[in-house]
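Q: Attaching a single structure in structure tokens format; questions to follow.
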Amino acid sequence: MDRLNHINPFAKRDSHSANSVITYKVLTLVTWLLSLITTIYYTYDAPHDGHFVRRKIWEQNYFYFSGFTLNSVITDIYWLVLFILQLVYITHLFSTKVETVNAACSVGSHFIFNNLLHFAFVMLFVRSHFVWAEVILVINFFNLTALYFRHNTYPRFIHLPAVSGPLAWTFVAIYWNGAIMIPYQGNLVARVFANIFIWSILVFGMFFIVIYKDYTMGFNLSVLAASLGVAQFFSKIIAFQWIFAFTIMAVLFVLSFIVAVPALTTRKDRSAADTERAPLLTDP
């Protein structure tokens, strides 16, 4: 069992060897750049290879309009902020503090896998391979869920960019791509199902807010719910989907705010207490 844990890149470890840290640094940075460049490129240009219909990311989004179509501006902002925060996370791999490096490396294998799966998803999505894109999303959902349940106590500078941010997106993207994958996504039956399944976003977010006090997951999902609501509103003003989306956004945001304020206040008070205590500990 010890040998299996030693060779398993996803095994939970309290410390990492120098060679492992170097490997995490290189693979994390390379796969993050791959994910970033691919996303940016196909946001502004369509692929020029293959035999299937090829479109930009947001051309696919609006061409196959469904009950889970997202607003491109809000979602782009979500990903821009997420990529920036992920870059901040990557810098902690190069920290001089051993405990910070170990914490960053602990989520490294799952984060690297997430980057590769996100790259694969984008490549398939813009080439209209929606079924295979859905398979990739489901695999990544299990990858990130396993990461969350094993590493949910790390500092927010690791948790938000490497765990909760990608997990929230992947959960919503499963519905987004899944609705595109199904034929006649704009008919009445499809929209009724969309009206039902949209509430799973609220249930998913409340699970993490209530059980784990994770306000980052709530804020992430509230932004994505807002993206869904705006897109649906500008498509059909008289419809339930955008009303449901904005309701979910509001509930998640309020609950997240209620959880976040005492958590951040407690952390600030603890930091202040540690700062006041430090001179006392160093006095002769």
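Each Cβ is built from the backbone N, Cα and C atoms, and glycine gets one as well.
Pulled these from TrEMBL:
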type	residues	note
TRANSMEM	21-42	transmembrane segment
TRANSMEM	62-89	transmembrane segment
TRANSMEM	101-124	transmembrane segment
TRANSMEM	130-150	transmembrane segment
TRANSMEM	157-176	transmembrane segment
TRANSMEM	188-210	transmembrane segment
TRANSMEM	217-234	transmembrane segment
TRANSMEM	240-261	transmembrane segment
Q: Among 62-89, 101-124, 130-150, 240-261, point out the range having the most Cβ pairs under 8 angstroms from the transmembrane segment (217-234).
A: 240-261
Q: How about the transmembrane segment (101-124) and the transmembrane segment (240-261): at least 3 CB pairs under 8 Å, pairs 6 or more apart in sequence, or not?
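A: Stretch pair does not touch.
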Q: So what's near the transmembrane segment (188-210) in sequence-distant terms, Cβ-Cβ under 8 Å and 6+ beyond its ends?
A: 66-68, 164, 168, 171-172, 175, 179, 182, 217-218, 221-222, 224-225, 228, 239-241, 244-245, 248, 251-252, 255-256, 259
